[in-house]
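Peer 1: Sharing a structure here in structure tokens format.
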Ligand SMILES: NC(=O)c1ccc[n+]([C@@H]2O[C@H](COP(=O)([O-])OP(=O)(O)OC[C@H]3O[C@@H](n4cnc5c(N)ncnc54)[C@H](O)[C@@H]3O)[C@@H](O)[C@H]2O)c1
């Protein structure tokens, strides 16, 4: 087992934030940053940052800090962002449309190449080059195109059915937006997104302000 596989999920969940700030620093042409400066940006303590990065072999030098380009590149590799992924969306409603139409995912290496929905013929879908297809085509499409990631934006009641099609078709990662606990085999990577968790956290802090 490599050192990387033993890293806690809490640390893994902080990496995208480091990566995002490093991308911004690179865009501004900043080449070097100390853990203290990174701490001011990210809100994590400098020692936390050093500990997090030490999980992967360090990268920093005492008295110098971090080379932004190098750290950005290494974190990108650790997060698997140096690869290209093909994704499909199932459920072309409000959320499915928003996700399929957002160009930022493609820029980051996640190419949404198909959108599938029930009653697809009734749906207006205005994404250039991306027509909505019927669910009956999903399995073959995934196999024919070696799709890596299945996105679920159907209603809650149908999410497990969609997940089962993804699993049967050989998909390895599921990005699930439906508010349901999906049952998936161990070798499938499942990532749930809950915007309401973030909203409830906002509410907690608003309450602290006397709301
Ligand atoms: N994770 C979050 O933070 C978050 C935020 C908003 C909404 N949601 C959830 O995302 C999902 C979609 O929300 P929405 O507002 O886009 O809903 P919506 O009703 O606009 O869209 C759902 C779409 O899924 C399609 N669908 C339903 N069953 C299907 C099936 N078996 N196969 C294929 N397509 C099917 C419907 O025809 C519809 O087009 C819901 O489950 C909702 O609760 C999650």
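The backbone N, Cα and C atoms fix where each Cβ goes, glycine too.
Nobody curates TrEMBL annotations by hand; they come from automatic prediction.
I grabbed these lines from TrEMBL:
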DNA_BIND  17-56  DNA-binding region
DOMAIN    80-181  domain 'CoA-binding'
BINDING   91, 92, 93, 94, 95, 96  NAD(+) binding site
Peer 1: How do the residues of the domain 'CoA-binding' (80-181) split into helix, strand and coil according to DSSP?
Peer 2: 40 helix, 25 strand, 37 coil
Peer 1: Counting only residues 6+ away from its ends, which parts of the chain sit with a Cβ under 8 Å from the DNA-binding region (17-56)?
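Peer 2: Long-range Cβ neighbours of the DNA-binding region (17-56): 3-4, 7, 11, 64-69, 71-72, 74-76, 78-79, 81.
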Peer 1: Which number gives the other C-beta atoms within 10 angstroms of the C-beta of residue 92 (NAD(+) binding site), all protein chains shown included?
Peer 2: 25
Peer 1: Give the sequence-ordered list of residues that share a chain with residue 96 (NAD(+) binding site), lie 6 or more positions from it, and have CB atoms under 8 Å from its CB.
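Peer 2: Correct list: 89, 90, 115, 117, 151, 153, 154.
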Peer 1: For the recorded NAD(+) site, enumerate neighbouring residues of the same chain (Cβ within 8 Å of the Cβ centroid of 91, 92, 93, 94, 95, 96, site residues themselves excluded), in sequence order.
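Peer 2: Result: 89, 97, 98, 99, 117, 153, 154.
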Peer 1: In sequence order, which residues at least six apart in the same chain have a CB under 8 Å from the CB of residue 93 (NAD(+) binding site)?
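Peer 2: Same-chain residues close to residue 93 (NAD(+) binding site) (Cβ under 8 Å, separated by 6 or more) are 117, 153, 154.
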Peer 1: Can you count helix, strand and coil residues in the DNA-binding region (17-56) using DSSP?
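Peer 2: Across the DNA-binding region (17-56), DSSP assigns the residues as follows: 28 helix, 2 strand, 10 coil.
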Peer 1: Between 0 and 100, where does the mean pLDDT of the domain 'CoA-binding' (80-181) sit?
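Peer 2: A mean pLDDT of 92 is what the model gives the domain 'CoA-binding' (80-181).
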Peer 1: If you count the other Cβ atoms within 10 Å of each Cβ, which of the binding-site residues 91, 94 comes out on top?
Peer 2: 91
